[in-house]
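**Q** Sharing the features that Swiss-Prot gives for it:
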BINDING   GLY33, GLY34, HIS35, ASP52, PHE79, ASP98, GLN105  S-adenosyl-L-methionine binding site
Amino acid sequence: MEIPHIPVLLNEVQEIFKNLKTGYFLDCTLGFGGHSEALLKNHPDLKFIACDQDQQALEFSKKRLKDFHNRITFIQSNFSEVLEKISYKEELRGILADIGVSSFQLDNNERGFSVNSDFLDMRMNQNSKISAYEIINTYTKEQLTSIFKDYGELHDAHFIAEKICLERSKNPIKSAKELYQIIGKGKQNHRKISKATLAFQAIRIEVNQELKVLKDFLGHLENLKPKNCILAIISFHSLEDRIVKNFFKKWSKNCICDEKIMRCECGNNHSLGQIITKKAISASKEELLKNSRSSCAKMRAFYFNNLDNK
């Protein structure tokens, strides 16, 4: 079986979860099963719940992981909703979310993620109603400016939005290739990433509501308050990493009083656990040589030891 995607930070993920023995492991973003396959092999007593919203990825992974069929349950769902769909919440001992786009999705022409694509789609869930085509051809100039500024951190967001609106007034923009030509190939000041790459990333975030989905998922976990459970999240965008970092920082604090208050009034017992990774884990030099797409990957991990489930 040809594997269409190389899992990022595979060794680092295995290291984070190396001490897991029994219970359930939730792979929130199964993709093509690389992380789950390695963990299934190394943890024979763990049971797995594998989730993905991409039907193609799910079908592939069912075949790839067929030897473990008696230990794994598959769910098609966005990862922000998966906690509502599982029955073993109290037995969760490990949770992994790799929230990047797979190589298969990037390289698949019809999915419209790549700047070289003949399509303009970018939906991770093909059943979603809004695609990049609708956003590029129907959003107002102000809405497009906001997307490029907030999600792409592009200084000339207004200019890019203006160019798009001008071109679509002549004819609808139908392909990623066409959009790429409109945006241009220049770099964003001194950043290594091209302006078009940042703009495409911003559009993808809007199409899939990626930041909202991440916040919703972390909010559900905060309400769930797992016990004796390790959470690891791999992100590929600075905005996503910032969200994860801030949630972990919040969860690790005992005191949740306003910083302006001189003395603690909350009981000083609100910590959900400890941050495992003092700083984000990045790909090694060896991995970068094998898989250049791992260059943006950042993993953070948190241990929920909320034994009293306050």
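Just so you know, glycine gets a Cβ as well, placed from its N, Cα and C.
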**Q** For GLN105 (S-adenosyl-L-methionine binding site), what is the tally of other C-beta atoms lying within 10 angstroms of its C-beta?
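**A** For GLN105 (S-adenosyl-L-methionine binding site), the count of other Cβ atoms within 10 Å is 23.
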**Q** Looking only at GLY33, GLY34, HIS35, ASP52, PHE79, ASP98, GLN105, which the record lists for S-adenosyl-L-methionine, tell me the maximum pairwise CA distance in angstrom.
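**A** With GLY33, GLY34, HIS35, ASP52, PHE79, ASP98, GLN105 as the binding residues for S-adenosyl-L-methionine, the largest Cα distance is 17 Å.
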**Q** Only counting partners 6 or more residues apart, tell me which same-chain residues put their Cβ under 8 Å from the Cβ of HIS35 (S-adenosyl-L-methionine binding site).
**A** PRO7, LEU10, VAL13, ASP27, LEU96, ASP98
**Q** Tell me which of the binding-site residues GLY33, GLY34 sits in the most Cβ-dense spot, judged by other Cβ atoms within 10 Å.
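**A** Top count of Cβ atoms within 10 Å goes to GLY33.
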**Q** Other Cβ atoms within 10 Å is the metric here; tell me which of the binding-site residues ASP52, ASP98 scores highest.
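**A** Comparing the binding-site residues ASP52, ASP98, the most crowded Cβ belongs to ASP52.
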**Q** When DSSP is mapped onto helix/strand/coil, what comes out for GLY34 (S-adenosyl-L-methionine binding site)?
**A** helix
